[in-house]
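Peer 1: Taken from TrEMBL, the feature active site, involved in ionization of N3 of dUMP, leading to its activation covers A:R231. Taken from TrEMBL, the feature FAD binding site applies to A:T89, A:R112, A:H113, A:R114, A:E120, A:D220, A:L221, A:H222, A:N226. Residues or ranges marked as dUMP binding site in TrEMBL: A:Q109, A:W110, A:I111, A:R112, A:E120, A:Y121, A:S122, A:A123, A:R124, A:R204, A:R231.
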There are 4 protein chains.
Amino acid sequence: MALTDAQQQEIDAARSAAHQTRRPTVPALEAMLFTATPVLDHGFVRVVDYMGDDAAIVQAARVSYGRGTKAVSEDRGLIRYLMRHRHSTPFEMCEIKYHVKLPIFVARQWIRHRTANVNEYSARYSILDREFYIPAAENLAAQSSMNRQGRGAVLEGAEAARVLDLLREDATRNYDHYVEMLNEDEKGEPIDPGRQGLARELGRMNLTLNAYTQWYWKTDLHNLFNFLSLRADAHAQYEIRVYAEAMMQSAEAWVPIATGAFRDYRLGAVTFSAQMLGILRRMLAGEAVEQADSGLSKREWRELMDTIGRGL
Amino acid sequence: MALTDAQQQEIDAARSAAHQTRRPTVPALEAMLFTATPVLDHGFVRVVDYMGDDAAIVQAARVSYGRGTKAVSEDRGLIRYLMRHRHSTPFEMCEIKYHVKLPIFVARQWIRHRTANVNEYSARYSILDREFYIPAAENLAAQSSMNRQGRGAVLEGAEAARVLDLLREDATRNYDHYVEMLNEDEKGEPIDPGRQGLARELGRMNLTLNAYTQWYWKTDLHNLFNFLSLRADAHAQYEIRVYAEAMMQSAEAWVPIATGAFRDYRLGAVTFSAQMLGILRRMLAGEAVEQADSGLSKREWRELMDTIGRGL
Amino acid sequence: MALTDAQQQEIDAARSAAHQTRRPTVPALEAMLFTATPVLDHGFVRVVDYMGDDAAIVQAARVSYGRGTKAVSEDRGLIRYLMRHRHSTPFEMCEIKYHVKLPIFVARQWIRHRTANVNEYSARYSILDREFYIPAAENLAAQSSMNRQGRGAVLEGAEAARVLDLLREDATRNYDHYVEMLNEDEKGEPIDPGRQGLARELGRMNLTLNAYTQWYWKTDLHNLFNFLSLRADAHAQYEIRVYAEAMMQSAEAWVPIATGAFRDYRLGAVTFSAQMLGILRRMLAGEAVEQADSGLSKREWRELMDTIGRGL
Amino acid sequence: MALTDAQQQEIDAARSAAHQTRRPTVPALEAMLFTATPVLDHGFVRVVDYMGDDAAIVQAARVSYGRGTKAVSEDRGLIRYLMRHRHSTPFEMCEIKYHVKLPIFVARQWIRHRTANVNEYSARYSILDREFYIPAAENLAAQSSMNRQGRGAVLEGAEAARVLDLLREDATRNYDHYVEMLNEDEKGEPIDPGRQGLARELGRMNLTLNAYTQWYWKTDLHNLFNFLSLRADAHAQYEIRVYAEAMMQSAEAWVPIATGAFRDYRLGAVTFSAQMLGILRRMLAGEAVEQADSGLSKREWRELMDTIGRGL
């Protein structure tokens, strides 16, 4: 499932092609087209196609505002205004398509983003590659003791070695048994011609969740930003965050103004509840507010203090 | 809301632009880009942008089938297979964006297709143009006496003249009162500087449903085909069907193989229920089947006879 | 299109019915079932059916957290946590269905919320009622001079009277011509048996945008909150906001904890950009920040000052 | 992740509860509520909640048709008409929610149905149970030699035994190593208090794709039928088809008329292309048509002959 020679030739051919088009074209993204960005130990992200640019967002917004926008300030200001006020439909007018290779447990998180188009490699039809995600030493983290879905300190020494050994051995053994049961090797050639192989749609169940799959994934810019706001966030699991970060780079090349606005007004933004805003106003007026008289729970109070930089 | 001079210049500039791209490019559709196809008396459809081509459908399908497809026959056969067996996700990998000008009552039908991206001209912000749809004489049909949502014979003579007069007069009068209430002319200039105008978001309610609006509308090829299968169908209202037909032409230019498959396996296809199939088999075996012993209702029987060319 | 006698009898029968069910049941919402809340001059909202309650949100969240949630605090805290951190999927587990009667120009805004199920009265099939929205005197506002989509002062005296006369006369005249062209009265009875009527699908185009339509509209709680966050907001047009407010009351009765969380963390919440947060921190540290050294545009600075209560 | 005692008590309590409601209520489905139907070796499907019934479909359709439907025939005829002519929106007015326990490789197919609401057990938070799907002997099929995604003969003897051994041993070993790496037992209790455990979000990657997960899954009737038309079909993989069949039973209990129409007009229906229909007409007229002069490819010809019962 790595790129085959045939696939690689096809990609190289596409990459070297130069067509004439009247469509909006973004040179910075063209430069990245058909180039795979490596992610994790065997994965990648590559942009396959795109539609629209920053100006396409403006164009769509202007249709909505019609003549009313004669006086509206320039494009950058308009895009930032749209982002700040969550006018999301103009961002839907841009579309991007990725080819992604990723571990199955990451794919399971990713697919929860429903407003996207997907074609995934099917292990009902075809044999998966002998490739598994094994974390690098610095990512082999212990369970957080504070956060049920978080990571704590990095494991080290014998403990780390034991984990890596188990992950490697189990994935490899399961894969070996997978091809044995299928009676087909990685290339799909029969191993023992005198024997029937298990149906592929059954054999795949023996694989581990760190096996790699791949898919084409296409979405519009608004939904890409929704994806990135959850997956490029510090709370996202590291193994999906690195994909999101690679995609942020392509967004940066593609729609730099919109991506800048996304960074400022969504990724880096904070939301305060009605109660929190009341407390902020009291504080700004010079009042010393304590958790006890804040009306907030201890947990919310701590979140607020962290946000405004007064945490310990 | 017709294209302003500024808009027209912008379109002309875009049309004459020639960019280099590595993306899949379709010369036949490029030739149509930025050219408005007139529809009805004041409407139009124009393709603004697109992503993908017939080969992009194949590319996405092949990722699903992986190595398993080594032997799969050539592209045309694969696309037709996908269409025949309703494997719809590869068709979602192509995307198209239209700019459409259309009467509001048509827009109300159109918007029911939810899987699309839309930016519509807003009459909260801006003033609509003095343009209304008035049917051509040959489309001025009487209510069907058979079908509650259909059309019968064309109205003629005094009756037709009366209808056309009423439509024209009412739309025009209501528009005149609209700008009077707003105290703004079509260009947005105040009529009587000494008077306040009604809020645009209120004034618009005096317009008739044949006033024209416009929007950007973007969708993927699978959902475009869903739209066309309903709206390019003979049962669709004439006023939306003409838009669908103009869009069929752009689909034909863009993805000729997929559009051919769509014509054969969906637009021109018929579906038989389990019962109908049973009857068909009996007939093919030489049996003379009557409605009475068919198990079908009279209505279904008539539908079946019409389909197989045995209607009266 | 007002409730016919037959419809009213059906509703009365449904309302007086009492079934036994094992499903989660909310007495406060049951009390509102089948009772239309009047909105505007001829519109209404009524809850037709619902699924789930506050506990269903918790139940779904607990499946996600599995055993991990043994220690999680009680339901109210969990629901508020989910809302605060935008964990939206558990809210999708509740569903509500409304029957709404509303002016067409309001329906056009409303339908832009795509994640919902809709069945609308069809004027292709049937005749609309002689009912139009005419604003009450206190809602007859002038165009705002500051905000292109807003309202300014209320119109008064002769100006107001003129607007109301025009709205009434034009809607009525157009309706009269509509039934004349159709050659059917409001009940669908032919007016002049010797004459053909225009097809209903054409005749409807003569109606004004303040004519009333009606629909069944069904959505999940997450998407209801999305709708309410835009339409119950002070920036929403009055004519749709009153519907949203009526729906807020049903949400309050149905899922009081979730609706409370929605009020605190979304309706009444504010979002600060990364830059705004930096300024806030400087202010809280006692620094006197001015627009000029804030890095914000004048517009953003004004928005920030308004939010923290330092506007003029 | 099997039902814990606490969960079971909660379900029993819900099951024995009896509330009064004015909502449409379906006794046959009420009888199934909170009762898990076993599927595969450790899985189940149970209906958790529902909204609407056959009459709710009619009610929604009648709003669309308005007065126009005075004369429309009775409910059964209307529902069958809607299904036959693919008027899908009235079916969206019914909603159902399931709790499902299923192997991960089945969940991966299932989740591709995007128009649904899902809350899945999260292995980032919690520990999965020691339960894996092991096919029953009669389902242990060889790869089909004709169909790349199909099954051939059942494996037997030593071959079958070897496959079952491998599946069992690998799943069990990997699970044992999973809890060892996490340093937590199945109940979440630490195994070796002196040692840190690997983060759960990492440890889960060692599990096999036949491990069981569970989720709440909620959808509307139209999308349930879409799911069933693909997954209750003979071409669906056995392991998901058994879930679809269990859900067909609940649909049968819930909306018997709509489900009957679905069986006749969709599950058991066939679609003929424009070309196929032409051939059928020729055959019905007594002509002997051969593949060579049919205009169909060999593959399509074979499909047609199979459908009309003339296959070998």
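Positions of Cβ are set from backbone N, Cα and C atoms, glycine also.
Could you tell me the structural context for the features on the list?
Peer 2: Secondary structure at A:R231 (active site, involved in ionization of N3 of dUMP, leading to its activation), taken from DSSP and collapsed to helix, strand or coil, is helix.
Here the Cβ of A:N226 (FAD binding site) has 18 other Cβ atoms within 10 Å, regardless of which shown protein chain they belong to. Secondary structure from DSSP puts A:N226 (FAD binding site) in a helix.
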Peer 1: Using a 10 Å radius around each Cβ and counting other Cβ atoms from all shown chains, which of the binding-site residues A:H113, A:R124 yields the largest count?
Peer 2: A:R124
Peer 1: With an 8 Å cut-off on Cβ-Cβ distance and a minimum sequence separation of at least 6, pull the same-chain contacts of A:L221 (FAD binding site), or say none.
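Peer 2: The list for A:L221 (FAD binding site) reads A:G52, A:I57, A:F91, A:E92, A:M93, A:C94, A:E95, A:I96, A:A251, A:V255, A:A258, given in order along the sequence.
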Peer 1: How big is the Cα-to-Cα gap, in Å, between A:E120 (FAD binding site) and A:I111 (dUMP binding site)?
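Peer 2: For A:E120 (FAD binding site) versus A:I111 (dUMP binding site), the Cα atoms are 10 Å apart.
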Peer 1: Whole-number Å only: compute the distance from the Cα of A:N226 (FAD binding site) to the Cα of A:Q109 (dUMP binding site).
Peer 2: 14
Peer 1: May I ask which residues of the same chain, at least 6 positions away in sequence, place their Cβ under 8 angstroms from the Cβ of A:T89 (FAD binding site)?
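Peer 2: When sequence neighbours closer than 6 are ignored, A:T89 (FAD binding site) has A:A60, A:S64, A:H222 within Cβ distance under 8 Å.
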Peer 1: Near the Cβ of A:I111 (dUMP binding site), how many other Cβ atoms are there if near means within 10 Å?
Peer 2: 18
Peer 1: If we take A:T89, A:E120, A:S122, A:R231 as the recorded positions, which have a Cβ under 8 Å from chain B?
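Peer 2: Out of A:T89, A:E120, A:S122, A:R231, A:T89, A:E120, A:S122 lie under 8 Å of chain B.
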Peer 1: Could you state, as a whole number of Å, the largest distance between Cα atoms of any two of A:T89, A:R112, A:H113, A:R114, A:E120, A:D220, A:L221, A:H222, A:N226, the listed FAD binders?
Peer 2: 28
Peer 1: Under 8 Å Cβ-Cβ from A:S122 (dUMP binding site), six or more apart in the same chain: what's there?
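Peer 2: In sequence order there is nothing to list, since no residue at least 6 apart has its Cβ under 8 Å from A:S122 (dUMP binding site).
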